[in-house]
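Enquirer: Here it is, the structure, as structure tokens.
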Amino acid sequence: MGKLGVIIVAAGKGSRMGTAESKQYLQLGQKPILVHTLQLFQNIHEVDEIILVVGADDVSRCNGYVTNYALTKVTCVLAGGAERQDSVRQGLQALQEGTQWVLVHDGVRPFVRKEHMFECLAKAQEIGAAVLAVPVKDTIKVVDAADKRIQSTPDRRSLWAIQTPQAFRLSLLQEAHEKAQQDQFMGTDDASLVERLGAAVYVVEGDYYNIKITTPEDLPWAEWILHNVRGEA
Ligand SMILES: Nc1ccn([C@@H]2O[C@H](COP(=O)(O)OP(=O)(O)OP(=O)(O)O)[C@@H](O)[C@H]2O)c(=O)n1
Ligand SMILES: C[C@](O)(CO)[C@H](O)COP(=O)(O)O
């Protein structure tokens, strides 16, 4: 199958969370959010290496996590960039030679289920690119940013909320990042860069517990998921 690398991006500032400490370092149960996420991938046999991308000031703290939590698959902790896409690009450059498949995952999504991750990877190995997602539950409107007038109501049956992990053949994701950089295109996820190449990207249905911890109301929800879905103390 070729080597499988995982890039965990955790170099964001968490401005929407509004806490003094960046959200990936907030305590969730007994451990920082980022450690929960890293342990998920550490415990997957098929994962060959984990590249951890963090803020320049947090490299030493995260090397400490690697030691203290025995995160033996983390081969590299490096500084990210200004935008998420820059951080992923840095991570891509650090992957070991011989890596054929890559999973890109947000450091602040600590609840992805192993079986969903495997389904996503299997689809990528068949097609080249696949992402976890869930159907949207709300009605979504396209709204004019200036006067807030509704422009249109897309058919909900074709709308999915996109999550991570996002799984790719490494060469495809590298090409997508190179093209985005040439074109100065900035996307909010990696799939959008691959879509721009005209390559097929498929969604794999995950679950609604795979939240991205983003704003303050996500914290009690995350504690609830940890205790009631994951069964952790
Ligand atoms: N320059 C950046 C920006 C984001 N991320 C990471 O990308 C993931 C998803 O981003 P998001 O939830 O938007 O995190 P932040 O950018 O930290 O949040 P905000 O936009 O509220 O500042 C997070 O794990 C975040 O740390 C990153 O590695 N490098
Ligand atoms: C990659 C992502 O988590 C998929 O939902 C999301 O697009 C990240 O976006 P953000 O702008 O960094 O929150």
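Glycine residues also receive a Cβ, built from the backbone N, Cα and C atoms like all the rest.
As annotated in TrEMBL:
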type: SITE; residues: Arg16; note: site 'Transition state stabilizer'
type: SITE; residues: Lys23; note: site 'Transition state stabilizer'
type: SITE; residues: Arg156; note: site 'Positions MEP for the nucleophilic attack'
type: SITE; residues: Lys212; note: site 'Positions MEP for the nucleophilic attack'
Enquirer: Taking the Cβ of Arg16 (site 'Transition state stabilizer') as reference, which residues of that chain separated by at least 6 in sequence fall under 8 Å from it?
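Expert: Set apart from Arg16 (site 'Transition state stabilizer') by at least 6 residues yet with Cβ under 8 Å, we have Thr214, Thr215.
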Enquirer: Looking at Cβ-Cβ distances, which residues of the chain lie under 8 angstroms from Lys23 (site 'Transition state stabilizer') while being 6 or more apart from it?
Expert: Gly12, Gly14, Met17, Ile33, Val108, Ile213, Thr214
Enquirer: If you check the recorded sites Arg16, Lys23, Arg156 one by one, which have a CB less than 6 Å away from any atom of ligand 2?
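Expert: Among Arg16, Lys23, Arg156, near ligand 2: none.
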Enquirer: Counting only residues 6+ apart in the same chain, whose Cβ is under 8 Å from the Cβ of Lys212 (site 'Positions MEP for the nucleophilic attack')?
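Expert: Sequence-distant Cβ neighbours: Asp106, Val108, Arg109, Gln163, Thr164, Asp218.
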Enquirer: If you count Cβ atoms within 10 Å of the Cβ of Arg156 (site 'Positions MEP for the nucleophilic attack'), leaving out that atom itself, what do you get?
Expert: 13
